[in-house]
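Under the heading compositional bias 'Basic residues', TrEMBL lists A:1-11. The region 'Disordered' feature in TrEMBL is assigned to A:1-26. Feature annotation from TrEMBL assigns transmembrane segment to A:36-54, A:60-81, A:93-110, A:116-135, A:142-160, A:187-203, A:239-258, A:270-296, A:308-330.
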Amino acid sequence: MTATSTRRRTGSPRPSRGSAVEWLRRPRPPLAPPRWLTIAGIAVGAAALAVVPLVNPSYINLTVTLVMIWTLVGLGLNLLVGFGGQVSLGHSAFFAIGAYAVAVGGEAGIPHPATLAIAAALPFLVGYVLGLPALRLHGLQLGLVTLAMAMATPAAIRALEPLTHGSRGIAIDGDPPAWIPLAHDQWVYYLALAAATIGYVVTRRLARGRLGRSFVAVRDAEIVAETLGVDVWRTKTRLFAASAAYAGVAGGLYAMLLEFVGPENFNLTLSISFVTLIVVGGLATVPGAVLGALFVQYVPTLTSSISPAATGAAYGAVLIAFAFFLPYGLVGLVRAALGRLVARLPGRRGT
Amino acid sequence: MSIAHRTGRRRALPLTVAGLAVSTLALAGCSGRDAAGADPEASATAGTGAATEAMAESCSPGFTDTEIRIGNSVPLSGPAAAYGAIGQTLKLYFDDINAAGGLELADGTTRQVNVTVVDDAYDPAKAATNVRQLVEQDEVFALAGVLGTGAAISVAPYISETGVPNLFVGTGSDAIMSLHADGTQWTIGFMPQYGFEVSALAQYLIENHPGETAAILYQNDDFGESIKAGFEAAFEGSGIEIVAAEPYEVASATVDSQVTTLAASDADIFLNWAVGAFATQSLKKKLELGWDATTVINAPAADATFFLKPAGEGAADGVVSVAYTKDITDPSLAGDAGFDAWAAFAAAHPDEVNAMFAPAAAGYQTAQLLEAALAQMEGCTREALLDAATSFDGLELDLAPVTVSTSPEYPYVFSEVKIQVFNGTTWDVAEGTYTVG
C-alpha cells in the first residue's frame, strides 16, 4: 500500500491463484529494477523531456506542460492525503493563490520567474495557518472545511477586486526574458519541467526518509507516533504548508502558461480533479502523481472525442472501474504488469 | 549494512536526475525555436512555409484554391454543454453550403468551407490548448464562434502573435475593448458590449419613462458594479433617479430578500441584472409581492423559454431588454424572409437544430457573419478576412432585427440594437434603434 508498509513483502511473488479481479486488487511492492536500468531510464527520460518542446508545435507543449503542472499538484496533495492521511478538497484555493501571486506580482513589476517564489511562499504561509485548525479536525470534518475553501475561492477572488480585478481577470505576459531565445510555450515548459523535477526528487526523499515515515506513522496511529517521539503538531502543520506550496507553484506556472487568470479558472471541479488525480494515480506513491496527471489531462479529452454527450458518463465509469478493480491506482497496475519482468532482469540487487 | 548501502545509492540517483536535467536544459537553451532562424509566426505558418508579411501575395495557411478551414472551440460536454449548439450549427450551416457546391469568393472561385468543432468543456485551459491545436495542427485560416470571456482573453496574446482572426467570440465583455486599445486587435465580440447594452437601455428609459424612479439588483462583483455605475452615469441629469440598489452574491441560494427590499422602495423601474435562474426567481418574487414596476432585464437572461416563462403566468409581462436577435420562439414572424430561412434550415436538420433554441440561433448568426466576411474579403490572407469582418456596411442577417455595420475601431459585431418588450408569450420589438457612442 505504501512504500513503508509494503517493503517487507519484497520477495518472490507467489504465483497468482484466483480470479483476474483478485489479481488486480492485490497490493504489490514497488518495482525494484536493476541499477543500470534505472540510470538508463532516467537518462533517456530526461533527454526526451528536454527535446520535446523543441520538436513539437506549441499545442503539444501546452498539454505536456499542463501534465507537469498537474504532477506538481499531485505530488503535494499525495504528500498530504496519501502519506499524511489528511483529506483536502480545497487545493484549488492554493492553486489559485499561486496563480494570482504570479499575476499580481507581474503587474507590480516583479520579473516573472521570480514571481514563482512568491507563488510558493504565500500558499506555504496560508497552508501553515490553515493547518492549525486541521490539527483538531479529522476525516470528513476536515474534508468539509477544505471543500468550503474550494467553493469560496471564486467568490474571494471577486471580493478582492482591487487586487485581482475581479471577474475581468488579469492578463499576464508569460514571455521569457529577452536574452533567452525561447518561444513562450517552450519557456514555460522548461520552467514547469524544472519545478516538477525538483518536486519529484524532493517528494521521493521526503517519502522514503525519516519525515515520510513520521507522516505515515501519524496517519496510521497518531498516539503511537506521539509516544515514539514524533511531533504530531509540527508534522501536520508542515505537511499542510508543504502541500500548499506545491499547489501554489503549480498555480503560478498555470498562470504563466495561460497568460490569463480569472475567477472561473478556479472552481470546485478543479479541486475534484486534483483528488481524482491522486486516487487514480495511486495514493501514497510518488510515481502515481505522474500517472494521475496524465490521466486527468488526456482521459477527459479522449472520452469527449468518443462522444461529447457521454463525456461525464464515460469518465464516471472509468473512475468506478478504478475504485473496484485498481484500488492501488495506475501505479498498482504498472507494478502488476511489470513486476515479474523486472524481477527477471539481470543485474538486480539482491534482497 | 545492506541498508546503508542502499541509502547511498538512493542519494546518488536524485543527483543524477538533477544533473541530467540541468545539462539538458542548458543544451536546450541554445537551440530555441527563435534561434533556428524562424520568427514566432513561422511556427504557426510552417505548414505552407509562408511568412505572411514577407510575401503579401501568398495565401495564409488554411486557404487554398479549393478549401478554407475554420476552427471553433465550444463546450460540447459539461455544465455549459448546451452552448455547444453554437459550434454545431456553425458547422452544419457551412456543410450545407459545401453540399451545394461551396462558397463563391470575391475572386470568383468557389471553395469548400470546412469547420472543425472541438470540445473545451468551458475550461479556459482546454480552450487555450484547442485554439493552438486548431491553428497549428489543423492549420485553420481563422477561428469563429469561440465561447466565453476567459477563453477569448486568454488566447488573445497568442492569436495576436500568430495573426489569426478570432471572429465573433461569444462574449460582450468590455475587456475586449481594453485589449483592442492595447493593440491586440484580432478578437471581435459577437454579443453587444455590456456597456453599450446599458447605455441603449438607459436611453430608451429616458425617452419612454421620464421622471420615474429606478431600483437595481446587481451581482456583487466588479461586473455588477460597472453595470450600476453605467446606469448612474447614463441617468445623470435625465430626471430618472436610482432610489434603491441591492447587490446579491452569485453563490447565494435566492435573491428573494433583495427583491423584497427593492420592492419596498416602490420604484417605477426594476433594473434586473440577476443572471440565469436568479432572473426567474426575481421575476417570480416581484409578482408575488405585487410590485408594479417596469422590469429591464440583461440580455443573457432575456430568454423566453429558459428564464422568463418559467417565472409563471404574468410574471414577465412588459419586461424590457435589448434585441440583437429576432424572437425565434414567435410563430407570428412567419412570412419574414429571414425567419423563414432560419425555420427552413432548422427543419432540414431536425435532429441537430432546435428551432426554438437561442444558442443554435447564435450559431446561425455567427455562420452568416463569417459567410459575409469570407465572401467580401479581398485576397486570401488572414488580414484580409479581419479587414472584411471589420468593414461590414449595413449587412443584413436572417435573424438580426438591425443591420450590421462594423469598423476597425469598435471590436464588437453590433454597434446598433433595438429594444424589445415581452408581451407574456413573445417579444415585441419597439420602434427606434440605439447606436453606440
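Glycine is treated like the rest: Cβ placed from N, Cα and C.
If you look at the transmembrane segment (A:142-160), the same-chain residues 6 or more away from its ends with a CB under 8 A from one of its CBs are 86-93, 96, 100, 130, 133-134, 166-167, 263-264, 266-268, 270-271.
Between the transmembrane segment (A:270-296) and the stretches A:36-54, A:60-81, A:187-203, A:239-258, Cβ pairs under 8 Å are most numerous for A:60-81. Beyond its flanks by at least six residues, the transmembrane segment (A:239-258) meets 62, 65-66, 68-70, 72-73, 75-77, 79-80, 83-84, 86, 88, 91, 94-103, 112, 115-116, 118-128, 130-131, 134, 172, 174, 185, 188, 191-192, 195, 199, 206, 215, 265, 274 of its own chain at Cβ-Cβ distances under 8 Å. Under 8 Å from some Cβ of the transmembrane segment (A:187-203) lie the Cβ atoms of residues 49-50, 52-53, 61, 64-65, 68-69, 71-72, 75-76, 78-79, 113, 116, 174-176, 180, 246, 249-250, 253, 256-257, 286, 289-290, all in the same chain and six or more residues away from its ends.
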